[in-house]
Amino acid sequence: MAYRDGVTTPPYMSGYNYRGYGVDSPHRASIRSVTSFPGASGSVSSFHDNLKPSPRGTVPQTNSRAVVSALKGLQEKIRKLELERADAEDNLKKLAAESRHYKDVLQKELTVRESSQGVISKQNKQLEDDLQGAEARCNLLEKQLDYMRKMVQTAETDRDHALQRSAMVAKQAAQQTSDDMRGQLEKLAGLEREHMKLTASHSIAEGKIRELEEQLREEVHQRKLVENKTAELESVAETNRILMNMASPQRTKPKKKKRKPPRPKPRKPNQPVKPSDHYHLNLGSIPFVVGQSTTKSHSLGANVQTVLSLMKAHNPALCHAAARRAPKRHPQSAGSASASDSDNAFDELLLGLQDEFGHMTFEHRELSRQIQESDDPRIQEDLRRELENLEARMEAKGEQIAMVRQQQDKAKRQRKKQKTKAAAKPKSASAVLPASGGEVEVVTTVKTKPVRSGGTVKDTLSVYKGMKTLQTSLGKNQYHWD
């Protein structure tokens, strides 16, 4: 509520700027057209009486709160509208009083200022304008009151409709409750059956998955076994191929005379053993176990690799034990000593080459297995290159072993020739009866012509020199590990 130029303006009209609405305005006009608004006491009381809630049926718990909140909101809006209407009526009353005051003032001024008609006419015109503005304001207020009445009526009708709808919803809910409960129970039973079916199918699927996992693990294990077997077979095939290549040059050499292979003579049990000689293993009689470790192992009962390693290496205990067990013999001749030295040198060289060839075979097997297990093509290419280099080294090593064996066979053939020449001499035998006993002891006396020792020694020395030349040509780095 604002007071401007002696006129009380309602809050909703405070923004309007009416010119000439003041007490000191020169124009005065009649305000008979302004009618007083009826008293608010009767209308407000009747309105509040109409707002009293009529008795209704029971509303369900779910809809009653919404209806009550809606009714409270409507009542609050109605109360505000009633307050605004009361303010508007007060404003109209004040306007009526002001208009009466204006009328009295005009009458007084008319009596006082009769002489100044021109000024009075202007003031009258201004007052007429003011009265027209006041009438317009009154019309606006009347329209606002009509709009408020309509709003109150619509709120009442909405409340009635809401109560009716709530009653209908309560009836429908009461009717549908039993049907919904039965439907929900049926759905729950169906869901339980579906859950039981899903649980059974899930357990079956888990069993199948476990079976498939077992089969997959078994297949992976079998595949690894096949890969290891394939790598082993490839390494064995490559080794056999190299060994065949090693043996092929000896087979393809033309022979001048066909001779029967000489039978190996059994070694005499009473051969002298020097204490300084080393005990070595002949790999021709004992096979080399490829790809096994020489450390302690529980896979073999007697740990064959450890025994072979000790036999291949220098063992002073074995050497001295053999020397202690050997009986004393007469010293050998120079030719037999040189022959035994050459044999020992050949055996040592051949042993080293065969040992290195066995390690290369193990490397070949490992590289083949890594190539099969690897999935990266770059790594496979690198491993293949290493495998090719290793195969080239194995072929070179096989050629070296073949050369050593050729030299060894050549030396053996020369010694056999010498032995056959010595054995071809005439022999004489005499029987001597023993002094005691009935057995006959046969003593054979071999009478041979003196053999030229110079030729035998020269042949043995030539073989020994050839072996030394071959050993120096091979070099140390070619038959031992880098």
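Any Cβ shown, glycine's included, is placed from N, Cα and C.
Note: TrEMBL annotation is automatic and uncurated.
The structure displayed is predicted, hence computed values, not measured ones.
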Per TrEMBL record, range annotated region 'Disordered' [choices 109-138, 409-438]: 409-438
Whole-number mean of pLDDT values that fall within the domain 'Cep57 centrosome localisation' (66-244): 87
Helix, strand, coil residue numbers for the compositional bias 'Basic residues' (412-424) per DSSP? 12 helix, 0 strand, 1 coil
